Amino acid sequence: MTGFPICRPRRLRQNATLRAMVRETEINPRDLIYPLFAIHGRGVKNPVPSLPGVYQLSIDNLVQEAGEVVAAGIPAVLLFGIPATKDEVGSGAYDPHGIVQEAVRALKKAYPELLIITDVCLCEYTSHGHCGLVDDGQVLNDPTLELIAKTALSHVEAGADIVAPSDMMDGRVGAIRKLLDANGFTQTPILAYSAKYASVFYGPFRDAAGSTPRFGDRRGYQMDPANSDEALREVELDLQEGADMVMVKPALPYLDIIRRVKDNFNVPLAAYQVSGEYAMLKSAAANGWLDEEQSVLEALTAIKRAGADLIITYYAKDVVKWLK
Ligand code: PBG
């Protein structure tokens, strides 16, 4: 190769057909996961101010929403719950008739083919808003494991297809795997939030889920945004404990992490385009500062190009529309 003028990269950019032929990355509806928020009641559809277009839905409305997801060809939802009451030990999280458990039953009954992934955590259910048991201002690791595993089991017993622990306690994947296996659920996959950073971009989600910690922050269990090697250690541990799929979260500010995980491990990798990423794009679009469709598709293409196989996004339904 002798370089320019023999080599001209623009030759392959001459027209849309040619560009499409050599395109390396594509967003596919079957790679998308849509988050849903279940709340008690009937006919409830509470808008989340910091997440325009996202609602807390009572189960009747949730089922209707799931119908749209199925119709769009999106294969999976990620389910969160807003309980009626909270307590110190997050008992709503593992209540067999808790909000997520009941929502799973209703969704599974209405749409058996829709994959239901449940977020497994205590923070929506604890009065202090932390992801584990708290004693003397400390989030306890080992005593939390039992409750996290119990939560996952209750989701699976209700019909959840995949469980996704997001609490970031050490050893939680192993604890879940052990309890699921002991109860005969050896075939239920675990999608581990492995590299989950202590990110300010979760702000709008905490409005949606009512899970802002009452004191302190999550830096004692979620990862330091400054770290990258540590993400590989987290993924490795989760895989050793039996994770089937791993996750990097958030997505766009962490493309380097997505790429490193993809290069180092041959397992399905999910990336979570989190609430703050959605809110940034939404607000810029609402101001007319960015074209929403193009900016979202570019961001999601970048997340896939970095190495994500699956993308969890509040934009999933819009994306399918735009791709048509
Ligand atoms: C629960 C959980 C959080 C998110 C997903 N699962 C919040 C947190 O860790 O504070 C964030 C999702 C988003 O911002 O869209 N632990």
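Cβ atoms here come from the backbone N, Cα and C positions, even for glycine.
Unlike curated records, TrEMBL annotations are generated automatically.
Cβ contacts within 10 Å of Cys131 (Zn(2+) binding site), excluding its own Cβ and spanning all protein chains shown: 28. TrEMBL lists Cys121, Cys123, Cys131 with the feature Zn(2+) binding site.
Listed in sequence order, Ser166, Met168, Gln222, Met223, Met247, Lys249 are the same-chain residues six or more apart from Lys196 (active site, schiff-base intermediate with substrate) with CB atoms under 8 A from its CB. For Lys196 (among others), the entry in TrEMBL reads active site, schiff-base intermediate with substrate.
Long-range Cβ proximity for Arg218 (5-aminolevulinate 1 binding site), meaning a same-chain Cβ under 8 A and a gap of 6 or more residues, is found for His130, Cys131, Met168, Ala198. Arg218 (5-aminolevulinate 1 binding site) falls outside any helix or strand according to DSSP and counts as coil. As annotated by TrEMBL, 5-aminolevulinate 1 binding site applies to Arg206, Arg218.
Look at TrEMBL and you will find Glu234 tagged as Mg(2+) binding site. Non-local contacts of Glu234 (Mg(2+) binding site) by the CB criterion (under 8 A, 6+ apart in sequence, same chain) comprise Ser194, Ala195, Met223.
When secondary structure is read from DSSP and collapsed to three states, Lys249 (active site, schiff-base intermediate with substrate) falls in the strand class. Look at TrEMBL and you will find Lys249 (among others) tagged as active site, schiff-base intermediate with substrate.
Listed in sequence order, the residues of the same chain lying 6 or more apart from Ser275 (5-aminolevulinate 2 binding site) and placing their CB within less than 8 Å of its CB are Ser50, Leu51, Val54, Phe201, Tyr202, Gly203, Pro204, Phe205, Ala208, Tyr314. Marked as 5-aminolevulinate 2 binding site by TrEMBL: Ser275, Tyr314.
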Checking the recorded positions Lys196, Glu234, Ser275 against ligand 1, those whose Cβ falls under 6 Å of one of its atoms come out as Ser275
Taking all protein chains shown into account, the Cβ-based neighbour count within 10 Å for Lys249 (active site, schiff-base intermediate with substrate) is 24
At 10 angstroms around each C-beta, which of the binding-site residues Cys121, Cys123 has the fewest other C-beta atoms nearby? Cys123
Just checking, which of Arg206, Tyr314 (binding-site residues) has the fewest C-beta atoms within 10 Å of its C-beta? Arg206
So, in DSSP terms, is Glu234 (Mg(2+) binding site) helix, strand, or coil? helix
List the Cα distance (Å, whole number) between Cys121 (Zn(2+) binding site) and Arg206 (5-aminolevulinate 1 binding site). 13
